Amino acid sequence: MKFFELVRIAILNLLNRKSRSFFTIFAIAIGMAFVIILLSIGYGLERLVQEQTVGLDALRSIDVDSEQSAVLLLNSDSVNKIKQLEGVETIIPQINCVGKLKLGGSVLDITVLVMDNNYLKYSYKSLVAGKSFAELSSPNLIVNEIIPNILGTKNEDVNNFIGQKAELEIIFPTNIIKSEDGLAIQTRKKDLTIESVVTDRKNQKESPTAYLFFDSLPELNNPSYSKVKVLLSDQERLTEVRAKIEAMGYTTSSAFDTLEQIQTVFTTFRIILMVIGFVGVTIAILGMFNTLTISLLDRMREIGIMKALGTRNSSVFILFFIESITISLLGSILGIILSFVLGFILEKSFQIIALGRGVSPVSFYYTPPYIVFYIILIGLFIGLITGFYPAIRAHKLKPLDALRYE
Amino acid sequence: MMKTTKSLTSNLDLKKKRELHSIKVKKKHHSTVVIKVNHLEKSFQVSNNKIPILKDISFKVYSKDFLIIFGPSGCGKSTLLNVILGLEEPDSGEVILRDTKTYSLNESERADIRAKRLGVVYQQPTWIRSLSVLDNVAYPLILTGESRRNAINQALRRLEEMGLSKFRNYAPTELSGGQQQKVSLARALVKNPWTLFLDEPTGNLDSKSEEEIIKMLTEINRKGKRTIVMVTHNYSFLLRANRVLHLLDGEVKGIHESIHEIQQFLRNQLMPEV
């Protein structure tokens, strides 16, 4: 018998028992939807945590420092060497030091970050008040919002902070600037105007910090940098470039390390969710197995006449497999659709609740496309395992025994 | 004297007629053998006992025969039929369909022979419930790989011959017993089988339906020249056959191969004391 005819008979058999077929398919669909929803929540949360913690750009950057070494300096020569490595797009050096900010009669102990022009663009800073990052110029000062807060400026009045004159005393560590007169510590005083106030999106516990460009300190002559951020053109080159920089003797760190840790945690989390999800699928499988076995018993005489008329055992065997695979595949497809609908409803509901409470809505639900493919494969597998027993039994059935079955 | 001569002559004529008829039957027997059964034995295991059902059965079926296998219930008729159909393997002996030894073939090959060459009608019509009357009748042709279109056309033609084409889209179980049996017959005939096998086809029918079926079978045999092998315990069918195989307790008690013999056999069955 042609395969197409077997498929036709299988589908007609399923349609002949519409309710039974529908409920079996629906049970599989619910099980599959449950698995997809749980997995999508796992993937969505992982993606959310990654974005919040690491950020997408961070995946192609390497932080280089030489703070552990007094001999190996991170200066413009070494920066140039690193810049020549294949795959390096931009180098963003910085100097971290401390200082005193005199502003309006107050003196604050602050962190001072002397930065490259590109620093703010690739950092997690966002503008609170003042000039945009593109408009900023030397020799002026940028402060974080902690400073106006400490000085009693309310958030709504922070614009008034812009344009204020301040005196900044920068205290450079010895490994940054070597003194001519042998003094261990070098200081520089600058009179500056505050141009912008920024906030750090990632670090809510930042200390009061002032930022100024290298151009504001022309007297710095080939300083040693505290840290250099190396930006790559391609994330794929990260491991290779990092190895080369470390071979030069520098210490490196990357958000990739954090990312790997996050991935490890969430992989375990997803496995747990999947196991929970598959409990539901297992129940659906047992129901489907039961339905197929009952269907076999229901159709014993029918199988008998088919064989008596000349249907081969193999055709009967394939017929039952076609039925079981049809049920499981339809259930999987319906489950995928159901998961998208329910996932959409779930996420939107949470977002509405979040907005209602004045919290920024976040996306925590993400279904990677390959999940759909795997669910279809699992559906196929379920069809094969549940159909096997009834198919084998139908195959072995003697026509006369089947015809005599009551 | 003339009267005596006339009656003698008429007796002689009658005798000659019988002889001629007998010769004709014997001549007919030199037509093709379609089924040969040789020393068939079959028994069933019931608990620890082996119950013999068929004992050393041998006979032939010729082309265009209407052979009735006759005997009381439980004599082994249906078992014999199922063995010939390749559905029940005998303990010993052989069944030869045309030139093929049935039991030298494997199960799939025997299924193929049933699909392509043999038609069967059982006492209880059984259907593929998801298929309509038309699809059920077309099924044997679909089984052999015939295109759907051709199969449906031929099935429809058979239903028209039975006068049942208007029921083609019904579910078979929606028809009466007699109608179902006619559809069953159409299904068996749709592939133009070598031989049509029937196992008590009218067993569950009323007398009117029974008569319709047997009339159809007679026509199929006489006009359609189809070989028929029918199992029955119903006396009234015996005279429709051209040969009767009498089975009793699993043994062949006699094969009656002329109308005269069949009539004699029938008389013996109905009036054994005469």
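Counting starts with 1 at the first residue shown.
Cβ coordinates are placed from backbone N, Cα and C, and glycine is handled just like the others.
Residues or ranges marked as domain 'MacB-like periplasmic core' by TrEMBL: A:21-247. According to TrEMBL, the feature domain 'ABC3 transporter permease C-terminal' maps to A:274-399. Look at TrEMBL and you will find A:21-45, A:271-297, A:317-346, A:371-392 tagged as transmembrane segment.
In terms of C-beta pairs under 8 Å, the stretch of A:21-45, A:317-346, A:371-392 lying closest in packing to the transmembrane segment (A:271-297) is A:21-45.
DSSP places the residues of the domain 'ABC3 transporter permease C-terminal' (A:274-399) in helix, strand and coil in these numbers: 107 helix, 0 strand, 19 coil. Regional average pLDDT for the domain 'ABC3 transporter permease C-terminal' (A:274-399) in the model is 91.
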